[in-house]
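Q: Feature list, courtesy of Swiss-Prot:
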type	residues	note
COILED	181-269	coiled coil
DISULFID	CYS297-CYS326	disulfide bond
DISULFID	CYS450-CYS463	disulfide bond
DOMAIN	288-508	domain 'Fibrinogen C-terminal'
CARBOHYD	ASN105	N-linked glycosylation site
CARBOHYD	ASN135	N-linked glycosylation site
CARBOHYD	ASN149	N-linked glycosylation site
CARBOHYD	ASN167	N-linked glycosylation site
CARBOHYD	ASN256	N-linked glycosylation site
CARBOHYD	ASN306	N-linked glycosylation site
CARBOHYD	ASN317	N-linked glycosylation site
CARBOHYD	ASN417	N-linked glycosylation site
REGION	416-436	region 'Disordered'
SIGNAL	1-21	signal peptide
Amino acid sequence: MLCQPAMLLDGLLLLATMAAAQHRGPEAGGHRQIHQVRRGQCSYTFVVPEPDICQLAPTAAPEALGGSNSLQRDLPASRLHLTDWRAQRAQRAQRVSQLEKILENNTQWLLKLEQSIKVNLRSHLVQAQQDTIQNQTTTMLALGANLMNQTKAQTHKLTAVEAQVLNQTLHMKTQMLENSLSTNKLERQMLMQSRELQRLQGRNRALETRLQALEAQHQAQLNSLQEKREQLHSLLGHQTGTLANLKHNLHALSSNSSSLQQQQQQLTEFVQRLVRIVAQDQHPVSLKTPKPVFQDCAEIKRSGVNTSGVYTIYETNMTKPLKVFCDMETDGGGWTLIQHREDGSVNFQRTWEEYKEGFGNVAREHWLGNEAVHRLTSRTAYLLRVELHDWEGRQTSIQYENFQLGSERQRYSLSVNDSSSSAGRKNSLAPQGTKFSTKDMDNDNCMCKCAQMLSGGWWFDACGLSNLNGIYYSVHQHLHKINGIRWHYFRGPSYSLHGTRMMLRPMGA
């Protein structure tokens, strides 16, 4: 930038020098002068022509000029030429002097111009520096503002990232706290389960000890039964001899039966004669009307009785009458009750013989007896009705067609057809052909002896889905009892019921 004024000054000097050279150009000869000008880092070279000095032409030799006469003729002409040359030379010297003055004036003017340019150049340089500083300041301010904006943006981003990291940290702390609480809860549960396991282990050890004691007791009972068996065997031998004696006496009695028949014949004839005598008498003889005989409650219902209560029936091939409770109101009446549970007043943990003959009060809790039910169901097809009541007031009933009970030799096996009920479609009663079991007669098709484990006598098929003769549990104690009064598809396998009834009626009655 500092070289531009110098270049301008040197250009002006060049123009002046070229103008002077042009003024002297026509007179210039073959010689030239070289002038070099340097201004700062720039240099300039000027080539100026130098005028030649004109020399007189050499005088020819006299021989060439044709003798002395020709020289004498040409001498005035040479002098004339020299005079012109001197006049031209003086004129040229004057012009050179003028050009030098012009050059000196131009040089002074150029020096003044240089000084003016330097002064102006300083002001321009100061202004240029100020403009440059202002531009740089503006640029730096713009850069600073841009940097500030970028810094603010980065600060906002960092603040957002910091907030996000803080939120994630709080979330992780919350999750760790929840995990810690969950871990503490699991530890407490594991501790409680460990304590419960220890308690169960202690109870299991107690049960094992009790089981060992029971096994020892059962072994002692088996030994006692073995001794009793041997005693019975010896007694059986004694009874065999006694039976032989009785047989001999029976033959003797049969021989005497003929005489008894004769006496009976005579007695019959005497009675007939007595009847004829009484018939011939004038006084009338009142005869009692024979009392009607019923084989079940349905026949009593057909006779016109409509009140539920205890009645007497006479079953086939039975020598003594049987008292039964007749329900004359439920579903048309005529039902003969064979089982009733309502308050736990009767213990149903009985032997085979007791279940065979029956026990309890027929007006309340009782079991009619397997033998009576067998004789009752052997003469015709019967309908079995089972009624169930729970502790919440709900009740249901199930009916089975073609119910029949086998003989004692058949272990009072169960025979029923399909059921219809409000307790679900599935059947909780034992399947066809299941035998009756008690605590002293195991017919349950299981090594576990269900009658002893679940209590009572019932048709157990590998312990099965029902037992209406189990232990009677009162309210608030009836839950989680597998040895209670249960019917699986009514209230589940461990709910002990409030009351039950089982009753029979001939089909079609």
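Positions of Cβ are set from backbone N, Cα and C atoms, glycine also.
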Q: Under a three-state reading of DSSP, tell me whether CYS450 (disulfide bond) is helix, strand or coil.
A: helix
Q: Taking the glycosylation sites one at a time (ASN135, ASN149, ASN167, ASN306, ASN417), which has its Cβ surrounded by the most other Cβ atoms within 10 Å?
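A: The residue with the most neighbouring Cβ atoms within 10 Å is ASN417.
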Q: What's the CA to CA span in angstrom from CYS450 (disulfide bond) over to ASN306 (N-linked glycosylation site)?
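A: So the Cα of ASN306 (N-linked glycosylation site) lies 41 Å away from that of CYS450 (disulfide bond).
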Q: If I take the alpha carbons of ASN135 (N-linked glycosylation site) and ASN149 (N-linked glycosylation site), what is the distance between them in whole Å?
A: 21
Q: Rounded to an integer, what is the Cα-Cα distance in Å between ASN105 (N-linked glycosylation site) and ASN417 (N-linked glycosylation site)?
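A: ASN417 (N-linked glycosylation site) has its Cα 155 Å from the Cα of ASN105 (N-linked glycosylation site).
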Q: Among the disulfide-bonded residues CYS297, CYS326, CYS450, CYS463, which residue has its Cβ surrounded by the fewest other Cβ atoms within 10 Å?
A: CYS463
Q: If you run the three-state DSSP split on ASN306 (N-linked glycosylation site), which class comes out?
A: coil
Q: Looking at the recorded positions ASN149, ASN167, ASN306, ASN417, CYS463, which has the shortest Cα distance to CYS326 (disulfide bond)?
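A: Sorting the recorded positions by distance from CYS326 (disulfide bond), the top entry is ASN306.
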Q: Between ASN417 (N-linked glycosylation site) and CYS297 (disulfide bond), what C-alpha distance do you get in Å?
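A: About 22 Å separates the two Cα atoms.
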Q: Among all protein chains shown, how many Cβ atoms are found within 10 Å of the Cβ of ASN105 (N-linked glycosylation site), not counting that one?
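A: Around the Cβ of ASN105 (N-linked glycosylation site), 11 other Cβ atoms lie within 10 Å.
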Q: May I ask you to report the DSSP-based helix, strand or coil state of ASN417 (N-linked glycosylation site)?
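A: In three-state terms, ASN417 (N-linked glycosylation site) counts as coil.
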